[in-house]
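Enquirer: After the structure tokens below, expect a handful of questions from me.
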């Protein structure tokens, strides 16, 4: 084996290894062969700065045949957005158009008419949901996650975020009252433990060392949890009592039995499928990067897909 070590002063920039074609051994005969294993090391000076040693991997991600797939992903997502907004606008305009005309021309007669369709439930829209605490926790976790993702994208786009340090990625990801803290961090921690255990079992370099896991846990315990408590106290003290913009009826209106496709689980599946269909091509590259055989560096395209995902959602 011939090792070529490229160095800039005392920093190793790149190591390449190849086999010497003149040192091949014929193993076609079924008999023992004495083999001498040898290696040669060649040191070569390079002007590449240590901080830019990974740039060649970024360039390989930007090759035309890679970019074509990414742009196809964006076009696919844009078509999804256009179809969704088109369908939604058509439905809303057909439903609301007559009502708008009615209210615009004669508000008094419109008030006297019997309510129909969506106007039946206007007095139930701002009724408190059954699981208020879970709703608030989901909203809080989503806001934290959205803010965190936005800041990570900004860091990535300006070149501060370093994609080759896997520990830093997880540490940045976990910077997130008990229910809010566990609603996002709990499933994330379980998923991370499973992935890390698999990586350790396969002796993969993607596995995080014990020290990094301890640091992540300490960030959650010493930074996230106190901030959640402070946020809860600040939210309680800073906001006045909620006032709905329209009156809520005393008794909730009875909802007629729904067909199976309009019940909670099918609606959740549809609501998850549409955003997923907008980003699934880009997700392939992200998961390939998480599992270690690719390096993801095209954050500009990922940011565009992220914006499209927000619109679809």
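Each Cβ is built from the backbone N, Cα and C atoms, and glycine gets one as well.
The following feature annotations were taken from TrEMBL:
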| type | residues | note |
| --- | --- | --- |
| TRANSMEM | 69-93 | transmembrane segment |
| TRANSMEM | 145-165 | transmembrane segment |
| TRANSMEM | 177-202 | transmembrane segment |
| TRANSMEM | 208-230 | transmembrane segment |
| TRANSMEM | 268-287 | transmembrane segment |
| TRANSMEM | 293-312 | transmembrane segment |
Enquirer: Under 8 Å, at least 3 Cβ pairs, sequence separation 6 or more: does that hold for the transmembrane segment (268-287) versus the transmembrane segment (177-202)?
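Expert: With fewer than 3 qualifying Cβ pairs, these stretches do not touch.
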Enquirer: Sequence-remote contacts (6 or more beyond its ends) of the transmembrane segment (177-202), Cβ cut-off under 8 Å?
Expert: 133-134, 136-138, 140-141, 144-145, 170, 208, 213, 220, 224-225, 228-229, 232, 290, 292
